[in-house]
Amino acid sequence: MRAARTAYPLKWRIMDALEGVAAAIWPARFRRATPYLMLLPAVLLVGLLVLGLIQIADASLRTLDTTTFQFSDDYSIANFRRALTEPLFLVVAQRSLIAALIVTAVTLVFAFPYAYLMVRTRSPGLRKFLLIALFLPFFIGQVVRAYGWLIILGNQGMVNEALGLVGVAPMRLIYNYPAVLFGLVQYMLPFAVLMLAPALTAIPEELEAAAGSLGANWVRTFIHVVLPLARPGFIGAGVVVLTLSLTDFAVPAILGGGSHDFIANAIYDQFFRTSDQGLGATLALMLVALGSILVGLVFALFGAGTLAMGRSRA
Amino acid sequence: MQEPFRAVASREAEGGREIAVTVRNVGMDFDGVHAVKNASFDLPKGRFLTILGPSGSGKTTLLRMIAGFQTPSSGEIFINGEAVSAVPPHKRSIGMVFQRLALFPHMTAAENVAFPLKMRRRDARTIPERVERYLELVRLGGYGGRRIHELSGGQQQRVAIARALVFEPDLLLLDEPLAALDRKLREEMQLEFRRIQRELGVTTINVTHDQREALVVSDDIVVMDQGEIQQKAQPIHTYRQPRNAFVANFIGVTNFIAGTVRAVSEAGDVSILRGDLMLAGKIGDPVNPPAEGDKASGAIRAEQIRLAGDAAQLSKLDCMLAGTVTDTIFEGERMVYEVACAAIGDEVIRVFDHDPAAHTQFDIGESVFLGWNARDMLVFR
């Protein structure tokens, strides 16, 4: 009796019961429709997104009458003209774009050694520690973390107090561009490590040993073997970090203190401060276009990396 | 006992040939487990040595220590007379063919072969010609432009060999590179390894668990088990004069008959008693010979036993046993019989029958007689 129970475990009996229920609700002749049914939620979500985009596109073509606070009934491209000609928006766009590029480069440089150590270490304890350290920031949330940096880097913050102990006058460490970049890199690091790690795992350790036996020291092994093979990981991580940085809102808002806004902050201002939904929608569309062009450019130049899901052989 | 092999031995006798690799009292511990224990051997220049053993015998660990990927816990390894424990792999002149080949997938075949030359900063103008020469050596002339994934398994093997040899290393290491190949290709590549090794005369250490490969390719075989070297000898000696029961069992198909030693002679003759059965044999290990009253077992190869339906046919042989066929296994070039013998408690003796003339067949349940000569049975403690 005992042997029979282990040969057909309880889990299987439960599965049998569930299959019975499923068969009653969803008879076998509906089977062909099952895959489509499973796709339905995703299709609905994407559909909603498209509807939203259409609405935004519609709004972007209507101008705000500042005397009546009414939107025009007829379409015009006035909002686009404003977005492209007013210096403020160009400054904001340029600031976001340059920040996104710098943050991506710095994050990838910092993330690589972390990911490499995490993948290659022989100590399970160290690997666990690195993983936990990686996920911890996710539990805290972006806004709380940005405020945390205010406390640490503020004029009366820990860093300035420590500097005061050694006789250095308090420095302005926040509400400037480097602070925004710093906050973004710190925020993006875990994403980049998580995207890089699988790509590094896919590189057999034997290849590095082989490079060594063939006469390459670790620097040349890194340059000629590890780096080229990790390229898909770099592309995947780069695209994710680039788009997340470009569209970020909280870090520039909090660590930039309103004086170093990104595109997302400008959009927010249009929607909720000046209530010019038309112009806000225009900026939003242009941000979507800018991000798409950048990602398209990366894919065209370097391939889709890990985001190609292993379908392409670059 | 040595007589039949003297001819072979004298051909191989190399008077003071230079030693390429010396392994001296090398040990390796992993968290208190001895992966390799006190291993020692010398390898003269230009010879092909195979380290043979089951998985977990420490053979790969020993090879990785010679390559420099691991540092011995004790002892020292010398290459061309120099202690190398402190020398990192990329500063040793060693070409290695890895188990999974470890070809660089982002490079072409030619780029893979050129890699060690580039890493050693050889004159860039000479590299293409040299790469092509080595690709031709492994019979891949003209394939240089192919990507690794465009090559077949056998071609990839050849690229890996060319890459390991192109910089003319002092030593070639083979870490079971043929293990994953199908049998036909594996046997073809074994002969390729031997041809290339002889053509270049490069000192080679090969690691394998495949006894056939070891016998086919090697000048010398080191048999390892549980981290210890069991025997180092030429293939023919390893096969015909195994030093202990492990070697006798690991290489070839060997039957063991356990008993008690009754008589030992100066000449190396020894008899063991099993029940009422007295079996004559030779001392297997002269260094560690059995004494009267010891528990010992006689080892007899499956191919050295004759099988007959009637006892008279085996009258010229020293030992005879009666038994019943319990199974027949047809392996193509030979028939394997399993015979249960009443005199040794119905233990099963395996016999190869590859008599091309008679084609005598025995069926399951048939009564047969087994016979062999005393000099073919080695007695081990």
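Each Cβ is built from the backbone N, Cα and C atoms, and glycine gets one as well.
According to TrEMBL:
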| type | residues | note |
| --- | --- | --- |
| TRANSMEM | A:36-57 | transmembrane segment |
| DOMAIN | A:93-298 | domain 'ABC transmembrane type-1' |
| TRANSMEM | A:97-117 | transmembrane segment |
| TRANSMEM | A:129-154 | transmembrane segment |
| TRANSMEM | A:174-197 | transmembrane segment |
| TRANSMEM | A:234-255 | transmembrane segment |
| TRANSMEM | A:283-308 | transmembrane segment |
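If you look at the transmembrane segment (A:36-57) against the transmembrane segment (A:174-197), you find fewer than three C-beta pairs under 8 angstroms, all six or more positions apart, and that falls short of contact. Sequence-distant contacts of the transmembrane segment (A:129-154) (same chain, at least 6 residues past either end, Cβ-Cβ under 8 Å): 114, 117-118, 121, 160, 173-174, 179, 182-183, 186-187, 190, 193-194, 250-251, 253-255. Sequence-distant contacts of the transmembrane segment (A:97-117) (same chain, six or more residues past either end, CB-CB distance under 8 Å): 126, 130, 134, 177, 180-181, 184-185, 188-189, 192-193, 196-197, 200, 226, 230, 233-234, 237-238, 241-243, 245-246, 252, 262, 290, 294.
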